[in-house]
Structure formats: C-alpha cells, structure tokens
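To start, the structure itself, in structure tokens.
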C-alpha cells in the first residue's frame, strides 16, 4: 500500500511540475501568433537560419513562435513531457548565431539526456532525478546554435507503437482522435504533425521514428548505427546496447544490437538540412560510437533500378498502405525508372531473430524499473507474458497452431520467444549475421539501387491496438536487423471510399500476426489518417536515401500527389 501511495504521489507531483512550468511562462506564449511569427514558423529551416545569421530575425523571436505552437499541440495531443522554455530563452541570448542551426528550436524524445531535466521514461522511479550533463547529441546541437525547448512523450518500455505511460498519459494522433501517433517516438511525431515544431530528435530500434512518421505524417530517415551520437542517453533496456565477443568456428563477431538516433521533421527540406548540419559538425568528435564519415554529396543515375517489397511475407499491406505504395511506384515508373519486385530472404526468420534480440531477457531489465502497481502498454504486457511462459507450454502452443491451424508464422515465433541463456544469445547473433549476409547477397544479386515498401501494414492504430498488433512489426524491424538506412515520407491519407477492405476479405484465413493487424483496420474510422512509404538504401547510405526521398517527392508531385500538412500557417 505504501508503494502504491508513493507511486500515485510521484505521478501527481510530476504532472503538477509540468503544469506549473507552463503557467509560469511569459505572457507572450499565451498570445496569438503575430504576422511575423506566422512567417517565422512557415519559413524552411535553411532560410530561417540564414535570417538569424543576417540579424533579420532574433533567436528569442523564433523561440516564441515555436513555443506558442508547441503549447497548442500539447493542448490537443498531450505530446510534451519536460517544458524547457525558460532555459531555451537563456540559451537564445547566448547561442551561436553563426552556426548551421542558429536560433532553431529543437524538441527531443524523452529519452534524451538534457542537463537539469528528468529522463523519466514514463516510469515513476526516475522522476525528480534531473540529469547532470547534456548528452553528446545535445551538446553538438547547442554548439550549432540550436535551442532545446521541450521533450516529448513515449511508451514506458519503448517497446510499443503507441505512446502511453502512467506519468504523462496518452498522446493523441493530431489527425484523428482515438488513434495513436505511434511509438516509441510518438510524442515527437504528434508535435511535428500538429505544427508545434519543425525539427525533433527521436530514436529507432524497431521502427520508432519511421512508424510514428507514417502514423502522424512526418519525415524521417533512420540512420545506420554510428552516424549520429547516441551515447549518454537513457533507456529502460540498458544492456540491450551490448558489445560482446563471441567465437564461432574460429570467427570473431562483434555483437551489436543498438538504438539509432535520428532526426524527424515536419517538412522534407528541413530533414536534409538538419541531417547534413549534424554530420558537418563532426559528431565523431562528440561521441566515441560515431564513425568519422563526413557528408558525401550524391548524384543519382538518371535511370534507377528500384525494388518494391509489396509484402513483408507475413502481413500483406492494408488497402490504404497498398494504395500509397502503388501511387509511389506509378510516379517513379512514369519518370522512366525500372521497377522490379524484390522478395527478401525469409521475412519470418527476420521477425523471429529481431524480436528475440530486442527482448532476449524477456523484458526483465525494463520491467525491473517499474513498480508492481504501475500498469504498462497492453501489447507489451501480452508479449512479455508469452515470453515468460514455461518453454514446454509454448512448444505445445506452437505445435497446436502448426498442426491444427497450419500457421507456420506464429508457431515459429512462439517456440522461440524465450529468455535467453548466454550461449543462446550468442547463437542468435550468429543467426543475425547470417541473415544480414543473405540480405546483402539478395540485394546485390537483384541489382537494385533502392527498395521501397510500406512502413507498416496498416495506418495508425487505435489506442490499445498493440494488444492485437504486438507482433506486426516486420516492415520496420527488418531494416533494423540489417542496419540499413531507411526513410519515410507521407504520401496520402486514408480514404473511407478508396481504402475499404474487399468484399472477399476473410479475417479467419489470415495467420495469427496478420489477423491481429487487420483487427485494427477500419477505413471509415481511419479516414484522414496519414499513409506513408518507406525508402531504403544499404548500410550507412543516408545521403543516398535522402536524395532518393527528394526524387520520390518530386515524382509524386509531378502526378499531382502532394501531401497536405496539418495546421499549415
């Protein structure tokens, strides 16, 4: 009882702290946007920074414009956790007004360590423990002139495509109430999509910047490990980012299973500009985990060979996602590019290996930080309960699915979702390296320059939809597994007439994972939700992927498809 009362008291105090920080802000944040502020917010980052360089715009005025919009986003979506406006105002007075991000307010996922503020991760035990230092990424961005002004909401284990926790509550999709903006960087996506910011920083270990960008209508590129600083930040799965030497058949492997920090933006041009700015700041001088790879200018061939993954082999894309993908294929084909179907090596193996690597400890490290009285995401709860069942129970369960329902997908997953011993973990990493080799060879054999596919089988999930869709992550996690650079652009929105399920659709004929995904699909209720496509290059090819994203946006525009931003000024 004492623990429960302490937990409730901590939550109430943390929520009051956020409310007090908003109430104590300067009156200017409560006034309507002025004409100058409307112009500031509607100005691309490159132009805005140039105006700060010339003294045409002051950083404090930029902050006021962004701050007003962020508070409106908070009112409508509950996307913010830490309100840092007061410190941002101080930073605006001393920031580098000649830097590549001069005077630019940037939001951060709650996991990012910023001096003087908590990284609660939505978990009560981490409240009121402000960080003593900025993470290397934050220091880099400040040195470039940026103004950290707020942090954004997440799911409490980060293992979800929703953004709900007991401290901050649930974040809404700004397009359609009752739906999630995604996870685990869902607060960032909601803030940007609503119009409360132009640039934010998120993380991606299984789709956590790409899926929210798809769900909420933003732009992002998931960088390969080693391009952007990630040291010094917080995670509920500490030790997941682990380096272990393992010896198999006289071959030494470096085991790496880690989070990728990546920018998210409201507009594409800002994404390219900010990513280049980060690389031009020589991030390897801030963080030992970053490869010393400078920005590389890219010129693409006039005719590209583009692979299309029409399905991940587990869950076919829903009508809305299939339509967005086909629109993109048609646009690129009209430009004269060669389009071919790409079939990846065993998608079931990819999902099986990836999900085991993510929670090799059956979630014990993450949940050890959560009090017995703290409920967490229903999808995570379901997954962890399965992972912690006795192995013989899961073997029987898997056998029944295989023999009675003929479901090879869930049978393969169930029989392997176990807490791993060290030898099992080492064997799993050996499998992962084998899968990476298969994928590399398949890509090279196909001769493709890029791959396009859906970011997820469906648009945004309804709240608590992860309970059904907890295993439907194949379109995103595949590229974490092989560590390929992958971006997302919004293409269209769900249409209640165009995107209905066909009359012949039969839920009972689907495998367990697909059935869970499609239980959440309803074109009528989803009408107006964003739908994106995913553009994939190989490892450490972020510059090429960004160039391909720009080419794709231009091709779509040429056939009359241009994504309409929400609340554009």
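Glycine is no exception: its Cβ is also placed from the backbone N, Cα and C atoms.
Unlike curated records, TrEMBL annotations are generated automatically.
Taken from TrEMBL, the feature domain 'Amidase' applies to 61-546.
Among the features that TrEMBL reports, active site, charge relay system is placed at 109 (among others). Under DSSP, residue 109 (active site, charge relay system) is assigned to a strand (E or B) in the three-state scheme. Other Cβ atoms within 10 Å of the Cβ of residue 109 (active site, charge relay system), summed over all protein chains shown, number 30.
All protein chains shown were included, and the count of other CB atoms within 10 Å of the CB of residue 206 (substrate binding site) stands at 24. Positions annotated as substrate binding site by TrEMBL: 158, 184, 205, 206, 207, 208.
Sequence-distant neighbours of residue 184 (substrate binding site) (same chain, 6+ residues apart, CB-CB distance under 8 A): 109, 154, 155, 158, 159, 160, 161, 163, 202, 203, 208, 212. Residue 184 (substrate binding site) carries neither a helix nor a strand DSSP state and counts as coil. The feature active site, charge relay system is assigned by TrEMBL to 184 (among others).
Summarising the annotation, TrEMBL assigns active site, acyl-ester intermediate to 208. The local packing around residue 208 (substrate binding site), expressed as other Cβ atoms within 10 Å of its Cβ over all shown chains, amounts to 33.
Residue 207 (substrate binding site) has a Cβ environment of 29 other Cβ atoms inside 10 Å. A count of other CB atoms within 10 A of each Cβ picks out 158 as the most crowded of the binding-site residues 158, 205. Neighbours of the substrate site: apart from 158, 184, 205, 206, 207, 208, residues of the same chain with C-beta atoms within 8 angstroms of the site's C-beta centroid are 159, 183, 185, 203, 204, 211, 259.
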